[in-house]
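Q: What follows is a single structure, and I will ask about it in a moment.
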Amino acid sequence: MFFTISTHKMSSIADRNDGSIFDGLVEEDDKDKAKRVSRNKSEKKRRDQFNVLIKELGSMLPGNARKMDKSTVLQKSIDFLRKHKEITAQSDASEIRQDWKPTFLSNEEFTQLMLEALDGFFLAIMTDGNIIYVSESITPLLEHLPSDLVDQSVFNFIPEGEHSEIYKILSSHLLESDSLTPEYLKSKNQLEFCCHMLRGTIDPKEQPTYEYVKFIGNFKCLNNVPNSAHNGFEGTIQRSHRPSYEDKVCFVATVRLATPQFIKEMCTVEEPNEEFTSRHSLEWKFLFLDHRAPPIIGYLPFEVLGTSGYDYYHVDDLDNLAKCHEHLMQYGKGKSCYYRFLTKGQQWIWLQTHYYITYHQWNSRPEFIVCTHTVVSYAEVRAERRRELGIEESLPEITGDKSQDSGSDNHINTVSLKEALERFDTSPTPSASSRSSRKSSHTAVSDHSSTPTKMTVDTSTPPRQSLSGHEKTAQRRSSLSSQSLSSQSLGQPVAQPTMSQPSTLQLQSGMSQPVFQFSAQLGAMQHLKDQLEQRTRMIEANIHRQQEELRKIQEQLQIVHGQGLQMFLQQSASGLNFGSVQLASGNSSNVQQLTPINMQGQVVQTNQTQSGMSTGHISAPHMIQQQSLQSTATQHNQQNVLSGHTQQSSLASQSQNTVSAPLYNTMVISQPTTGNVVQVPSSLPQNNNQNAAAVTTFTQDRQIRFSQGQQLVTKLVTAPVACGAVMVPSTMFMGQVVTAYPTFAAQQQQPQTLSITQQQQQSQQDQQQQQLTTAQQPAQQQLTQHPQQFLQTSRLLHGNQSAQLILSAAFPLQQSTFTQSHHQQHQSQQQQQLVRHRTDKMTDPSKAQPQ
């Protein structure tokens with residue numbers, strides 16, 4: 001029983017132990033599982049973070065855009081860090097010491113300032129003489145733009161007599177190929193030499209001038225420079241004789257002037273469109289300067305106020321500026337030429353000014369001149385002046401390395417030397433013909449040692465400065481065989497490559513220069529032709545406008561003058577008195593004389609009478625050719641003012657057409673209180689074959705006299721004429737020629753003499769007044785029918801004979817030509833009408849006047 005109980009207790013204890021063990025195992029498993037889960041989470045988090053960092057690092061590394069594995073990313077990162085460490089070490093080694101460099105200046109800025117202070121510039125030259133970099137400080141020193149020298153041979157800018165020496169210096173490392181290692185290139189290779197360099201000019205045809213300069217530099221090793229073409233000299237020196245690093249060496253030098261310049265042009269313009277405003281008096285003294293001027297010119301406003309602007313201008317620009325200022329004073333506004341302004345730092349800066357004159361608002365007097373000055377670069381100035389000279393200048397060449405720079409506008413000359421060398425490492429190498437063609441122009445000099453610092457030579461071929469597009473294309477076509485042939489023909493040895501180069505290039509430039517000069521002359525002639533044609537069109541337009549204005553003024557004067565003459569005729573009609581006219585006969589004789597008379601710019605000339613008729617007639621000659629052609633209008637504009645028995649001494653001028661009328665000159669023949677005598681000698685033949693002439697003269701007392709012949713002259717005294725003014729029109733274009741001629745021919749059986757005198761009897765004036773009334777009626781009819789006026793005396797008939805004294809003055813309202821026959825036929829019809837009228841009057845005995 002006891003055994004049974006104990007056995008039961010033992011079994012219960014064993015079961016209890018097994019359960020506890022199982023529970024313990026379960027608890028341990030749960031703990032391990034929790035630990036694994038926690039560990040897995042932490043591992044996953046770490047891996048995720050590592051992947052994110054690798055991905056971010058891969059995105060920052062340069063290279064392909066493809067996905068890289070972790071090891072590649074880490075490897076490139078290590079390489080980048082190593083390279084960065086090396087560059088940092090080199091920068092620290094080349095860093096300028098802070099004890100003599102200001103902290104606010106970068107290395108590039110400090111280097112530029114030092115070059116300007118030392119009158120020097122940087123120059124990087126390959127061993128074959130090709131220039132790969134030049135700093136901008138060359139512009140104020142030698143007046144070259146950096147683009148003029150980049151990618152050209154240095155031998156183009158050095159006298160020919162110094163080529164061999166410079167070539168030996170640049171190729172000196174070839175002779176030391178054993179000792180010249182990359183380590184040597186980094187340390188003990190400093191080189192100094194002196195030579196002459198060509199100065200730049202605006203006109204390439206000017207006489208070349210050379211400046212004496214000093215080169216101080218050393219050879220630099222370029223790691224990734226592609227193999228050079230050596231400008232066509234591969235056949236001269238075998239490739240196997242050259243060291244492997246020859247093509248990767250360039251000569252970097254600082255070029256300084258032997259004679260320093262105290263005043264230089266500002267070489268760099270940070271912002272070419274910078275401008276400032278100033279105000280000047282009429283004497284060109286500063287009155288105002290705005291706040292933008294001090295950073296540009298260096299002067300504060302109080303430093304320039306009251307001083308003349310001419311104190312700051314370059315002496316070579318004074319003449320052009322004076323002409324511009326004269327233009328300003330004449331037109332009130334304008335634009336100046338390019339000129340140099342002296343800054344406070346003793347540098348010349350190029351400016352262009354727009355100015356205008358301001359006037360007082362009350363009295364309109366000029367007060368002062370407002371100027372807006374704009375900063376311009378030397379490249380713009382040179383391009384503009386070369387265009388004025390008819391020289392085509394191509395734009396600065398953009399190298400291939402710049403085209404690879406996306407969005408960059410900086411040229412190779414605006415970067416540092418280090419960047420230029422790096423760009424040259426990746427830039428494509430020009431072909432042999434292209435590289436050789438750029439060394440095309442050379443100028444022969446007599447003796448480079450004639451002057452120590454500056455040398456002027458007289459040559460027929462101008463030096464090479466810049467190449468236009470068509471020149472470079474023509475020169476690139478030159479082959480290497482032509483270069484070697486020309487070098488042999490000129491006697492240059494093959495062992496000296498660069499000595500054969502100038503001769504080759506001189507021939508090439510001689511061939512391309514006539515084409516360039518011809519194109520430049522053709523462009524200049526075309527430009528001049530366009531300017532002349534434009535100026536001609538402007539002058540013609542002004543002439544047409546002035547002619548139109550003159551025509552309108554003449555029409556107005558004609559209208560006013562016609563109205564005044566009508567009133568004058570009405571007033572003078574009441575004062576006319578007529579006397580009797582007696583015709584007497586005399587012996588016949590021939591009087592033939594031509595007497596020219598000058599009468600206020602007009603010529604009055606007597607002509608011979610035809611068929612024995614004594615006639616005095618002053619009229620416009622229809623044999624003179626006039627310039628304009630309107631004969632019909634002229635014939636219808638003629639008008640005869642006829643008197644009854646005596647001469648009516650007044651002239652009416654009126655035109656019904658709208659043609660251009662000339663200005664009139666008035667000739668006044670005054671009548672004294674005594675009787676005015678008009679003598680008409682008449683010597684008429686008995687037969688039809690003899691002719692007689694009436695000679696008309698004017699005396700100083702303004703009397704009209706006909707010179708006496710050998711026969712009897714009878715005198716008749718007529719009543720005084722109230723109006724003694726004879727108005728003779730004259731044209732403003734040409735002097736009017738008036739000739740006396742007979743209107744019609746009639747045979748005279750008896751000589752006749754007409755004399756007009758003045759009567760004083762008051763009783764006869766009443767009868768003459770009645771005659772005036774009857775005589776004016778046909779005259780008024782003729783006046784309304786014919787606008788052009790003639791002054792004629794009355795014709796008196798005695799039996800079947802007739803005599804006439806006609807004084808006519810033609811009004812040249814239109815310059816025209818007309819035939820004599822048509823004019824005489826028109827006058828003959830008028831004379832016949834007058835004959836009928838006078839015959840009726842003479843038959844009336846109450847109208848007769850006793851002698």
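If you go along the chain as it appears here, the first residue is 1 and each next one adds 1.
Yeah, the Cβs are placed from backbone N, Cα and C, and that goes for glycine too.
Heads up, here are the entries from Swiss-Prot:
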DOMAIN    34-84  domain 'bHLH'
SITE      Arg39  site 'Interaction with E-box DNA'
SITE      Glu43  site 'Interaction with E-box DNA'
SITE      Arg47  site 'Interaction with E-box DNA'
SITE      His84  site 'Important for interaction with BMAL1'
DOMAIN    262-332  domain 'PAS 2'
DOMAIN    336-379  domain 'PAC'
COMPBIAS  447-468  compositional bias 'Polar residues'
COMPBIAS  495-508  compositional bias 'Polar residues'
REGION    516-566  region 'Implicated in the circadian rhythmicity'
Q: By DSSP, what is the split of the domain 'PAC' (336-379) into helix, strand and coil residues?
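A: Split by secondary structure, the domain 'PAC' (336-379) comes out as 2 helix, 27 strand, 15 coil.
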Q: At the Cα level, what's the spacing in Å between Arg47 (site 'Interaction with E-box DNA') and Arg39 (site 'Interaction with E-box DNA'), rounded?
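A: Here the two Cα atoms lie 12 Å apart.
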Q: For Arg39 (site 'Interaction with E-box DNA'), just count the other CB atoms lying within 10 A of its CB, please.
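A: The answer is 10.
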Q: How many Å lie between the Cα of Arg39 (site 'Interaction with E-box DNA') and the Cα of His84 (site 'Important for interaction with BMAL1')?
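A: About 39 Å separates the two Cα atoms.
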Q: Which whole-number value in Å describes the distance between the Cα atoms of Glu43 (site 'Interaction with E-box DNA') and His84 (site 'Important for interaction with BMAL1')?
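A: About 33 Å separate the Cα atoms of these two residues.
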Q: Within the region 'Implicated in the circadian rhythmicity' (516-566), how many residues are helix, strand or coil going by DSSP?
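A: Residue counts in helix, strand and coil order: 51 helix, 0 strand, 0 coil.
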Q: For the region 'Implicated in the circadian rhythmicity' (516-566), what's the model's average pLDDT?
A: 84
Q: Would you count the other CB atoms within 10 A of the CB of Arg47 (site 'Interaction with E-box DNA'), including those on all shown protein chains?
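A: Its Cβ shell of radius 10 Å holds 10 other Cβ atoms.
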